[in-house]
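Heads up: the structure comes next, in structure tokens.
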Amino acid sequence: MNIIARSIIKNIAERKFRTGLIIFSILISTALFFSSITISNALTHVYTQKLENAQGNADIVIKNGDNTTSFFSADKAEKLSNSTTYIIGEIQSPAIFITKDNNINWFNLHGLEENELEKLNPITYVDKQNDQPFEGNQIIVSQGMVDKFKLSIGDALYLEVNGKKQSFHIYGISYPVGYFMDESQFYSAIVPKQTLSQIYQANGLVNYVNIKLADVNDKSAAITELSGVYKNQMVKDPVSPEDIKSQTSVLSTALMVMVVVVTFMSIFIIYTCFKVLTIERLPMVGTFRSIGATKKVIHLLLIAESLFYGVIGAVLGSAFGVVILYYITSMTTPSYIKQSQMMIQFSPVHIVAASLFAIVLCLGSSLMPILKTSKIPLKEVILSLTELKDLGKTKKFIMGLVFIAMIVIFAPMVTGQLAVAVVGVSVILAGVAVTLVVPFLTELAAAILEKLYALIFGNVGPLALKNIRGNSNMMNTISLIAIGITSIMFVNTASNSVLTATTNLYSESSTFDIKMAAAGADQQLVNDIRKVDGVQDVYANYEAKNVKVVDKNGDILAIDSVDSARHLDFWKIDMDGDLKGQLKKLDNERNILLAVQVKERLGVKDGDTITLAFPKGNKEYKVQGSFNTLMYTGNYALISEKYMKQDLGATTYSNIYIKTNQNPSTVSKHLERKFFSDRPQIVTVKDWQQGNVKSNKQIFNILKGFAFLSMLIGIVGVFNNLVINLIQRRRNLAMLRSIGMSKVQTVKMIFIESLTLGLMGGVFGCLGGYLLIWLLPYIYKAVFIPPVYIFYPISQVWLYFLASVCIAIVASISPMNKSSKLNIINVIKYE
Amino acid sequence: MSIIVETKNVSKSYEMGGISTEILKNVNLQINKGEFISIMGSSGSGKSTLLYLIGGLDKPSAGRIEILGKEISVMKDKDESIMRRRDIGFVFQFYNLIPNLSVEENIMLPMLLDGKPKSSYRDKLDGIIEIVGLSERRKHTPRELSGGQQQRVAIARALINGPELILADEPIGNLDSTTGMEIMELFRKINKERGKTIIQVTHSQEATVYGNRIIRLKDGVLQKEA
């Protein structure tokens, strides 16, 4: 046993390139697996930290509903005083700072006393006036702010608060932590609560309450209790886990898809490596078997070898996974967090899971070639008379076609929860199908191309084609290139389609130029907006967020109200039939129009009734119909304004849509200036699009990075295959040289072979890519993403071809070089 | 009779483990057109090395080799390859056929490499296949043939371009005696009827009977002919 083991260890050491390739494949797959299972936790941590820092360390906050500015008493929360560490009432207020060149800078003022600040969100000062108490017109601002406006301690700062110009003096300058961590949208500043109270004449009332519980486990009970007391306010967790989960789950789902692709390629590479390795070991196996080694011993040793690769791959893969995790977290973390305290999150469980994945991947992929050796009669093993037999190419092709047929038939048929599984299996089957049809189609293509090749390349052309036919290494090379191209094409198309669709969301589905939200947005405000210079038309509606569908155990992310007379002037709805009539019908009774995804997710049909949990109680709505939309990724519905007002109890508008007859940016500045005391959130459709592009690109760049890694595995696999191919063909090449093939002809033949491998890899890759792209709508549907227009990559196809040909040719440089230096006699005589 | 092969003071040495080993020492040899030469000698005597040097598969360390009056050892790869295609035919002990090509494709290889159009060698191919007796097996691949049949394919391949010189490295070393003699008979026929010059390396005394001259090598030195 020891001798056999030693012999295998020597083999591992001698075959450095192959050992490296197997370990590299496992490493990449494991790293991707590790990062995809940890990314969600890591990002959750980052976002939680971000929100916690911005909000302080309170467990519960009480604030006004979305758009109101009224003040209320913090005293009612005192009923919980026995179970809390602190209850701090705060006044929050917007303010503006107008520079000499008339630029408006937004501030969010926190009205807090110094001792409260100490408990809630302590300040780390860069500089501070130590000799004075924090009172009167003192203000604490950030280092970034004073740097930008060239201010320092004691300087005066004039802010417009509640419509009046107020003079403040800079009392302290804070490092960019806590409230000052994120100043990307507005500056933060802290002023004495008393001062703000006087400005607003709040008389001891507040508009924000921070509560820290003695025992955080009492949170949900406390929220319920406080909600009973603060009926007109929102009592909530400052950081909503659901919101964070929804932000991070898209990325982790997408990464899982990449893991499937990369794992599949790794299995393929490890399988082919082990097949070659087992063939090479057959003489050795034969020798050991002839002197009495049992099958079991040989199997155990080969499995131990596989385990060795798995363990090394697990260790390196987990380490590389941490690097990838850091990279992705860093890419998706806002810069202000990165500067201060970016941390990656993973546990030993993740490492164990990734390691197990690596070992199972390696053992699973190598088991089949290892077990195949046991089917060969001992005599044949000893005399090396055998090869490991595969299925014939025709059988493979038929099986591949069956897989494709299954995908085409089943993927569109299945809906609901089962769809995720079916679509997932379909993606894997598509990859398997590509590898199965490659040998037959290559043979077919080679037969078709023979005459053309003879015409272009002379007699060496058809010879190169014949070399490809039936050569398993070259078939594997084509498959690897094809799978790589398939995955890159798929990821690019999937991301580009979603990117384009979300970028054009408003321009495709609406006709307004500016979207605005403001505190206390009533009809008066809407009328005032109409008077602003550049405003052509205004439409406002109500929006209910996160509405529970009581009887279906689900929720709808956003429900908008519809004024049937005006809605279509500002919104386009993708729905068949008489749109105006449909909207009008919403007014007749409690009817609801659902986005197609909501309808499918809830499993309801037209005419069904759903019960929605509104602030004014549970209300039954009849499903009137459905429409396609990308708003809120399709988690969206429309009801009539009349019933929304009744059921939501809303008195102020949630959203105001504005059409302009001037440059929207200019109009938005006018609006900001005029309504600043109403804390308007104003965004032009153009700015919104740009912001959307930026945030989407981040996610898709990560995905593309992963696709690139899968392509990298493919490329390394191609290099490996071509080198193995050269080793196995040395005798043939030497024979050809002996009968008169010149070095130039040899190089030319290998070049033509590579070119053909690249071309065929490109063709099959693009076909595979189109198959997966065809599946894309079903993938979107399975994960309840609304259907987007799929941009089939037609003009870019030549790029995929070029990439595939380049990979094959570059990978064949070494074999070409080695073939020209072949020692003919050594090969012919001794190999 | 014209000289087809001439070696002048040919020596060949190899570096092995830092030690230079001389395989051939000052070999001077003349082979005339139409001869059927058998090179004999014990293992390691340098007979195969001499054959490969004559075939241009290796370069001598010293001396010169002329084939059909042209010095092969100084030829460029292209010219050397053309000579191997047109003027020399090789037959190996282990046949060295391309496994995924059919019998006729294997036979046609030298012509294909020479860039000749298919139509120009169709008749010739039929004739050669007829000579080696493989008409029934022309579409088969080497895997589907016996050892003797494979060697016939190798011989046919060596003949297809009508070379003057056939070099055979232990052509029956891998065959049973009956098949081996059939192959030798085929060589004799080619030598007699087609006037081809044949140089074979062999261990078999019986095989030498088919030739008309025996050259013996001992430790790289050419022995005087008997």
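Counting starts with 1 at the first residue shown.
Glycine too: its Cβ is placed from the backbone N, Cα and C atoms.
According to TrEMBL, the feature domain 'MacB-like periplasmic core' maps to A:19-226, A:477-663. Feature annotation from TrEMBL assigns domain 'ABC3 transporter permease C-terminal' to A:256-377, A:706-824. Among the features that TrEMBL reports, transmembrane segment is placed at A:21-43, A:254-277, A:298-328, A:348-371, A:397-414, A:420-441, A:474-491, A:706-728, A:749-776, A:788-813.
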Intrachain neighbours beyond the transmembrane segment (A:706-728), with Cβ under 8 angstroms and 6 or more residues off its ends: 17-18, 21, 24-25, 28-29, 32, 255, 258, 261-262, 265-266, 268-269, 272-273, 276, 471, 473-474, 476-477, 480-481, 483-484, 487-488, 491-492, 754, 807-808, 811-812, 814-815, 818-819
Range from A:21-43, A:298-328, A:348-371, A:474-491 with the greatest count of C-beta pairs under 8 A to the transmembrane segment (A:749-776): A:474-491
Range from A:21-43, A:420-441, A:474-491, A:788-813 with the greatest count of C-beta pairs under 8 A to the transmembrane segment (A:348-371): A:21-43
Mean of pLDDT values spanning the domain 'ABC3 transporter permease C-terminal' (A:256-377): 77
